[in-house]
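First the structure, in the form of structure tokens, and then the observations on it.
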Amino acid sequence: MRVELDNVQKGIKNEWVSFLKRISILISVPIINVIYLILNSEKENTLILKMKIDDIIQFNKIFIIPYVAWYGYVAIFLVLLCILDKKRYFRAVLSLNLGMLISYVIFFILPTHVPRPQIVDTDILSKMVMWIYSNDNPYNCFPSIHVLNTVIINYFVCVSHKFSKLTKVICTLVGISIILSTLYIKQHYFPDVIGGVILALAVCYISSKTNFHKKL
């Protein structure tokens, strides 16, 4: 009985250490994000990729809720992937890093700008929008990082066999609301969204061909 208890404790310890090792690679995401902060400044000769559909999509402050929820969305599902599906977790992190690095190159080569509407209301949702506007300059728009990361997370959750159908549906619906939010609070134009989706699918495809998780 004592031996069995020791084995159980050792197994729990090994699993915990393994989890900490896996989750530690997430530090790469905020490190790479420093580049975003450097590039997100006023530039000359920026492009405005506005389309007619962007005039049809009117500003709607309610979408600040899913826009802000993106931070929790990415964090929660990455942790769940880390716990439940090691292979797809590593591929998701690789996709995030690769997609962000490619985006930063595009930001540098093809600087874009999204003019923002003037917010005059003082309700809580309007204040949340103004807080986002004040903390995120209207540059680094194409492709959308919000869309890029959302599609990557949703892709690896949906292709994993470790999640229930209900979880996948919830992940997808929340993901769609996040993508729409980038348009409705005027953080991005339609081409930014399309660019984010295409880049996300491309890096997911590349990452899915790797097996480096077996070495970790």
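Note: Cβ is positioned from N, Cα and C throughout, glycine not excepted.
From a predicted model like this one, the values you see are computed outputs, not experimental measurements.
Record features, source TrEMBL:
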- 71-205: domain 'Inositolphosphotransferase Aur1/Ipt1' (DOMAIN)
- 20-39: transmembrane segment (TRANSMEM)
- 59-82: transmembrane segment (TRANSMEM)
- 89-110: transmembrane segment (TRANSMEM)
- 137-157: transmembrane segment (TRANSMEM)
- 169-187: transmembrane segment (TRANSMEM)
- 193-212: transmembrane segment (TRANSMEM)
*Going along the chain, which residues at least six beyond the ends of the transmembrane segment (169-187) come within the CB cut-off of under 8 Å?*
54, 57-67, 69-70, 73, 77, 114, 116-117, 129, 132, 136, 138, 141, 144, 146-147, 150-151, 153-154, 157-158, 163, 193, 196-197
*Compute the average pLDDT of the predicted model within the domain 'Inositolphosphotransferase Aur1/Ipt1' (71-205).*
97
*Examine the transmembrane segment (193-212) against the transmembrane segment (59-82) and state whether at least 3 Cβ pairs sit under 8 A, considering only residue pairs 6 or more apart.*
no
*Short question: which residues 6 or more past the ends of the transmembrane segment (59-82) have a Cβ under 8 Å from it?*
19, 22-23, 26, 88-89, 92-93, 117, 119, 121, 123, 125-126, 128-129, 132, 146, 149-150, 153, 156-157, 160, 163, 171, 174-175, 177-178, 180-182, 184-187
